Amino acid sequence: MEQYLPQAKEFISFIDKSPSPYHAVQYFSEILKSKGFIHLSEKQMWDIQPNKKYFFTRNQSCISAFAVGGKYKPGNGFNIAAAHTDSPNFKVRPVSKVESVGYQQVGVETYGGGLWYTWFDRDLTVAGRVIVKSGDGSYESKLVHIKKPILRIPSLAIHLDRSVNTDGFKYNTQNHLVPMIASKLSEPVESKSTTTTTTTESPKTSDPQDVNSSTTKHHAVLLELLSKELGCSVGDIQNFDLSVCDTQPAAIGGALDEFIFSPRCDNLGMSYCAMIGLLNVKESTLAQEENVLNVILFDNEEVGSSSPQGACAPLINDTISRVNSSMFASTCKPHELNNFIDLTLRNSFLISADMAHAIHPNYTANHEPLHRPALNKGPVIKYNANLRYASNGPTSFVILDICKKNGIPIQEFLVKNDSPCGSTIGPIISGTYGIRTVDIGNPQLSMHSIRETCGVADITHGINLIQKYFEQFTKLDIIKSDLE
């Protein structure tokens, strides 16, 4: 296991630096620029050249990085690995100022399908992006991560709920998931730190627009923490997208250092494997490549993907269109260019990379007897006859063949007939674009908990699989065959 530890430590460093999708995208943006990738803007014309590498972001929470093969021609395919940057959490509400029996609380909204009971009695904080007014009157989006524990959702003592261990822990997501941030003892601090009000009630003002100010909608103590972290005044804070997150760092654990205990394994785990896999592709390989190698990390998978930065948006088609237009518009007629875009879609292949369920030692009956992935035994191909996953015989064979040729362990998974099945961006993309797709992911335990578990060795296995996919897919014999 020791040989896998360096890569696992890099991964947990990434996790700790990525408390929100915005931070994850910023992390990858900095790495890509340091590795020679050119930062594109979707608001400007692109100048795409063969054997060059590029990336762009959308909404600060979605990123697409691609390397153009040195032998790329009109109609050639995109070899894509797609994952997502978001995880279930609590979002701070637009009006978050809540008070109850002497406590100041922060109103939050559930995002995705989390195991919300795991958020009780944790040391919590906030992270995300804040719209800040600059001295020249312009506005800027700044990332923020308050690293100390400022929030807590306390559980109810067993003395006040004697049946909790027999009847189960029951909670209401509206009433019982409201983090406390301070007590009313902080009221003198509020009146001192803001000029808008001297009480916790809404300020009296003759300006009707003041009811929409940040100091009216959020507790002053929260705004003060944000302003201190951002280096601005409270009045400069215009709006924000903040998520609640755990302050406990990710860690390598187990007696033999086999496990990673971490938040957001789903799906920063496969986001990391996909992007590092692309970065590890050799320059000599890219020079001889006939396709475009592309990693896309979408946002909003946990809530259906229906956003400009989600997998339902036409980002893949937009990218293919702009790359082909930039490279070949001067030498092709318009109708030929449209045909080449269609050909590119038909010649493309996509790995939908999302974490998978490992066999649980305490709940073995919940798993299909012949499909029980284990931690540290390699990535998992995910199947579902009802198309909750996009894998089929030919597309899964691509992965099996790559793994066999490169000594990468691989596993297979499907749910029991009497069990519901989750889904991924795989069926969305394959159904929208007709791109051949396979669903894979590293195995993990406690999916959608605030604290999840995955395998140390699987980080390396996942990276190796994505790298070899990018380096070898175009030349696989099956792609030249008539399996359509």
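Just so you know, glycine gets a Cβ as well, placed from its N, Cα and C.
Listed in Swiss-Prot:
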type	residues	note
MOD_RES	Met1	N-acetylmethionine
BINDING	His84, Asp266, Asp354	Zn(2+) 1 binding site
BINDING	His159, Glu301, Asp354, His357, Lys382, Tyr389	substrate binding site
COMPBIAS	188-206	compositional bias 'Low complexity'
REGION	188-213	region 'Disordered'
BINDING	Asp266, Glu302, His448	Zn(2+) 2 binding site
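A separation of roughly 10 Å, to the nearest angstrom, links the Cα atoms of Glu302 (Zn(2+) 2 binding site) and Asp266 (Zn(2+) 1 binding site). His84 (Zn(2+) 1 binding site) sits 6 Å from Glu301 (substrate binding site), taking the C-alpha atoms as the reference points. Distance between Cα atoms for Asp354 (Zn(2+) 1 binding site) and Lys382 (substrate binding site): 10 Å, as a whole number.
Checked against Glu301 (substrate binding site) by C-alpha proximity, the recorded positions Met1, Asp266, His448 yield Asp266 as the nearest. Listed in sequence order, the residues Ala83, Ser87, Asn267, Gly269, Met270, Ser271, Glu301, Glu302, Ala353, Met355, Thr424, Gly441 complete the 8 Å Cβ shell around the Zn(2+) 1 site centroid, once His84, Asp266, Asp354 themselves are left out. Here the candidates are the recorded positions Met1, Asp266, His448, and by Cα distance the one nearest His159 (substrate binding site) turns out to be His448. Between the alpha carbons (Cα) of His357 (substrate binding site) and Met1 (N-acetylmethionine) lies a span of roughly 21 Å. Cβ atoms within 8 Å of the centroid of the Cβ atoms of Asp266, Glu302, His448 (the Zn(2+) 2 site) belong to the same-chain residues Asp86, Ser87, Pro88, Gly112, Gly113, Gly114, Asn267, Met447, site residues excluded. Looking only at other Cβ atoms within 10 Å, the busiest spot among the binding-site residues Glu302, Asp354 turns out to be Asp354. Taking each Cβ in turn and tallying the other Cβ atoms within 10 Å, the top scorer among the binding-site residues His159, His357 is His357.
When secondary structure is read from DSSP and collapsed to three states, Glu302 (Zn(2+) 2 binding site) falls in the helix class. Comparing CA positions across the recorded positions Met1, Asp266, His448, the one lying closest to Tyr389 (substrate binding site) turns out to be Asp266.
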